[in-house]
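These come from TrEMBL:
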ACT_SITE  B:198  active site, proton acceptor
BINDING   B:60, B:170, B:221  Zn(2+) 1 binding site
BINDING   B:170, B:199, B:309  Zn(2+) 2 binding site
């Protein structure tokens, strides 16, 4: 499958934190052709290893989170409407006229309606809706709904995957399935490469809540270095340049205390040597990604962060430029080809 | 299913072509003749059994949507609403742009980058934009020129207990009922009018009604239904599942009380679920038709639809069935009633 087919497949998986099991198993299915070993751990991290050829092989962990923002059902009323609490950061302003799927005993389609303009009161027209006031219409009455759905059930955003102009696509969960598609592309690029170092690819769980997946996986695996692949904000009219990158111009490589300076410098070098475009992003502290947890896991792991620009993050219409997935994959695969000695030299400060 | 086929089509007011062509293909064998008038209405004529009464059925083909009004340097599209659309539902929705049916999204600023006060603020449509994946102004202009129409991207889905979610149920449900009604023959002359531009001011119906000059008109609609949490019961408008909704008065029309009562009685006598619309907000082609020429006895029969004017309107299959049955039963009753033969 090509990148876009992989991305479409991955985008349609549901992996709200705590509800990643089925998605992790499907993801493991995609990985297994490219790896020596694949397993799904107790947090539903997908851990996939490719042994290196080196006698003094180092362990390089390459991670991308598989989970997505979503909700939990927190109430069911007698009319069959469900209330929601968020899992991860969601702007309730995008939720009116949004479709969701409640993952109960069976999947139930839910509609978050909006009062039609004909009936909308003037005082409500200008007001942002709050999540606590949102009720999901399931088309069932309360009694029927309770046969299929319970308080605590996971809810995901529903959105089609659409190809757009040129190399672009839109859909749900491109944060961070774009990066999972990138992991697959890296594996494809390395298929015939004899790399010295052991490579561990992780599709990690529970990033959107507390970075729990990568935190526990890194502790268990004790890699010598880590590359985190995530998504960042694509440029849109509302965002200043300092917090956004341009889709199509390659991965955003972060600079700052969260990242290991030598690893970062190496990526810049690899970009220049191989003619791979990239963009720089300065982060003064927490990058808001798994790099934050990885860097201080166990006795510390030198970490770099590459991010694929997507627009409208944490909505059901995230968009990505496929070229950026390719550029990011090339960049990381070049890094993965470093000898154990070269990698070792980078790891001291 | 007819409603699926109809709601899959795009027909923003002023651009009803797709819907019109589809409807013509469906009614060609069902009527004696049809014409498309100057503004784009389809007027289908069925002579019937020789009675002189002229009965007009009316449903509008158009739906609310948007129109391309500008292009930014970076290739984003500026747009205006065609018909009444609540700004609040727009951020983060998918749309279909223009004749090429390009996939587009209405952007939304990521929550991560919103200041506290922005989180409480609604974006106005004039500040919103559509992303079609164009990288420059020139590319955007080429892909989606000024004046291209934009529709919500939402598919027809059955869910819950006999419910349907789709866009444009207002008023493709009416179009579906009219097509069904044309399969029957009545004593009188039947004019089934599929109108344009209802959503921008009842424009098509005005022209169609003048053309037909009917004695009696029934407008078949998808109407508001707000029987949802946090709305007081007296403001429900209609209730999903309670059957066909009859309007007494709304913003555009005071329906003929005799005719409304007549329809109510037909419903009861035929065991068809019926309810009165309980708010006087909104309006439809009935208002325009009623005031045509020296006046037309007019009533509306509607399918209650939750969340109309959004991509996710919801109706009950049973309510649709009730409206279809009531419309046809009323027409048969009129055929039989001597009072109708003389022109009420």
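Positions of Cβ are set from backbone N, Cα and C atoms, glycine also.
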Exercise. What does DSSP say about residue B:170 (Zn(2+) 1 binding site): helix, strand or coil?
Worked result: helix
Exercise. Highest CB neighbour count within 10 A among the binding-site residues B:60, B:309?
Worked result: B:60
Problem set entry | Spatial neighbours, same chain, of residue B:199 (Zn(2+) 2 binding site) - Cβ under 8 Å, 6+ residues apart | B:13, B:60, B:62, B:63, B:64, B:82, B:83, B:84
Exercise. According to DSSP, which kind of secondary structure is residue B:221 (Zn(2+) 1 binding site) found in, if we only use helix, strand and coil?
Worked result: strand
Problem set entry | Subset of recorded positions B:60, B:198, B:199, B:221 within reach of chain A (CB-CB under 8 A) | none
Problem set entry | recorded positions near residue B:309 (Zn(2+) 2 binding site), in sequence order, restricted to B:170, B:198, B:221 and a 10 Å Cα cut-off | B:170
Seminar exercise, completed: Between the C-alpha atoms of the residue listed as 'active site, proton acceptor' and residue B:170 (Zn(2+) 1 binding site), the distance in angstrom, to the nearest integer, is 10
Exercise. In sequence order, which residues at least six apart in the same chain have a CB under 8 Å from the CB of residue B:170 (Zn(2+) 1 binding site)?
Worked result: B:63, B:64, B:221, B:222, B:223, B:305, B:308, B:309, B:313
For this session: Can you see whether DSSP assigns residue B:199 (Zn(2+) 2 binding site) to helix, strand or coil?
Result: coil
